[in-house]
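Enquirer: The structure is given below, and queries will be raised subsequently.
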Amino acid sequence: MKKGGFSNNLKLAIPVAGEQSITKFLTQSGTFKDGDLRVNKDGVRIISQLEPEVLSPIKPADDQLSLSDLDMVKVIGKGSSGVVQLVQHKWTGQFFALKVIQLNIDEAIRKAIAQELKINQSSQCPNLVTSYQSFYDNGAISLILEYMDGGSLADFLKSVKAIPDSYLSAIFRQVLQGLIYLHHDRHIIHRDLKPSNLLINHRGEVKITDFGVSTVMTNTAGLANTFVGTYNYMSPERIVGNKYGNKSDIWSLGLVVLECATGKFPYAPPNQEETWTSVFELMEAIVDQPPPALPSGNFSPELSSFISTCLQKDPNSRSSAKELMEHPFLNKYDYSGINLASYFTDAGSPLATLGNLSGTFSV
């Protein structure tokens, strides 16, 4: 691939001139709407095509969480579109993550918020971060999410540098269970799988989060062609503008496993620099260079094979999430003897310490 030779079909997810007003997304009663999604100060729901145009008001359930019942403890994440706060329920003492997104932003981000709300509302899987409730009020969307007190794998890697084989197997077995649910049960491509979107907790659980750039296909074999997500973990077929499917997430998974095994991002910057100075040079490296692999030495052949199976340039040569669950790397260990909860705690995860709760969530 020559420098600057990206496909003319490449679609960058950037704001466009003349974006539509926020009023397009609001009803006269102040309900946030997008397609079949409705959110207001009382909650969220997905309407069916059979429901009439004039809808009955969204009514809060008796056991529903309310924003007024939550006390803010600390800001644990910031982004261009909002913040994530650690909050505590006044009556039960339970902690939650409250993601607050202001809607005075461009239409592309509003559409991404709507997509995340739809997936959160309709997904039930123990390997995805739980979304308990969503609200729209005073110009902001608020999502009450499960609080993962160990932070992200990106945070964890800063402490441990690299993760041993047996723990890697236990961690990514859980991640794959989440991907099987997304890919095969829901026909969803995550499109932004990376260490900061894999969260851990004191129970040793690992869960996938952040569905803002995910897309829903009509079936498991569906293809998409939109250029969104984090470039570092993007598959070659997505970078060049080709259509892509669930296997693009498998490429991202392979890069994440490789990074967790070595403690380093798989694509080394040129000239021994610390970081890539140009995202386009990085994307060219992903497309032009051979797939990265584990260095020879201190790694099991099963782990090396697992990563190689994920990092195939041709997506048709990659295994699916279901097929990867049968890989020897995920079946060589006795998981009853692998205590991820103790490993996360002993290895330096910032578990349950309110003075050290930064970087846990992204917006």
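Glycine too: its Cβ is placed from the backbone N, Cα and C atoms.
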Enquirer: If Swiss-Prot marks one of S56, S300 as phosphoserine, which residue does it mark?
Expert: S56
Enquirer: Among T220, T262, can you tell me which residue Swiss-Prot lists with the annotation phosphothreonine?
Expert: T220
Enquirer: Write down the Cα-Cα distance for D192 (active site, proton acceptor) and K78 (ATP binding site), rounded and given in Å.
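Expert: K78 (ATP binding site) to D192 (active site, proton acceptor), Cα-Cα distance: 18 Å.
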Enquirer: What does DSSP assign K78 (ATP binding site), in three states?
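Expert: DSSP call for K78 (ATP binding site): strand.
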Enquirer: What's the number of neighbouring CB atoms sitting within 10 A of the CB on D192 (active site, proton acceptor)?
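Expert: That number is 22.
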